[in-house]
């Protein structure tokens, strides 16, 4: 397998919090100290780096758009309040910068504060986070689409802290200004043909490639873990677990080799998913499907096997029988069944409509300290399909992962290369290898 990894780090948005407050630990310049906990006002300024205008070539306008802002304020570790704002509550403060209007300033108190910021959070999620520790209390979503249904949901990368002082304090500008970075809660998966992809394999031709995402995590911590833990990081795989959406329902077309990571036509968004182990059932993966046309068709008359002079028609059913390690393809189901009965213990595989499937696990060579096959938030994983080595799975074969409690192995009939960048992206070359 070929692997090519590159990192381009970026921040989704930088938010600067300006506070007006009083503190009993600060000299106001005349020797007077102010009692901690007195009512005051807090202002909020948002600064977003130039993105599609030149700073982040990986993002689309929708992927950086800010529609709503939720600010969570804690007095030390004790939750105080949440304030919700629309982008209309801000005035422009220059290029890609906004400042909360004076009449929208947040009422708070002096003293030590911890601040978290959410952007474009669904209203239910924003309410569920309120009063919790966003780094240890798990949140649940029905699917990944819940986190980009009305703007891409983002949350603080780390907690911001401030020891607020009065506006007249000599160090007000430094003490009452806090900058924090938010990142998208979703990852993005782009699948495209490698620049050297040949659809022809020794066994046939694969076309009409599409893909979906399987094993999507439904649980996450709003605040990312410094050690890449998610809520089910150590949970064993279970066929009845609702922690994962095991099968994707939406297939997107695989893009051409020139497809950019900003594509939305050849991309699917997914949630963060990390695991302590490397079992197939624990990790998110790409499910590629296409229409396969065997290059050689066999015929069976009950006693002898011959090569058919009639080419298989694309989109028609075909059948695979493996005898002594050799694959034989049939267009005639009855002949395949009889041949399998006599030569392969009645075992054969049906490819309805000629459709075949391949699995590709993401991030095989991690570079941030995470484990193999972990999928991280705010990261683009680009899967470049470089080679098709043979037919994949057929009907009834591994509609999800073949052996969920078995370790992940490198694909054999699908060659891929994965790139990772911070959007962040991750590219991976893959050869489509069948069974």
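Cβ coordinates come from backbone N, Cα and C, glycine included.
In TrEMBL, annotation is done automatically, which means it is predicted and not curated.
Not measured: the values here are computed from a predicted model.
Look at TrEMBL and you will find 1-25 tagged as signal peptide. The annotation domain 'Major fimbrial subunit protein N-terminal' is assigned in TrEMBL to 41-163. If you look up TrEMBL, you'll see 350-429 marked as domain 'Minor fimbrium subunit Mfa1 C-terminal'.
Across the domain 'Minor fimbrium subunit Mfa1 C-terminal' (350-429), mean pLDDT in this model comes to 82. Across the range of the domain 'Major fimbrial subunit protein N-terminal' (41-163), the DSSP-based residue counts are 21 helix, 55 strand, 47 coil. Summarised by DSSP class, the composition of the domain 'Minor fimbrium subunit Mfa1 C-terminal' (350-429) is 3 helix, 37 strand, 40 coil.
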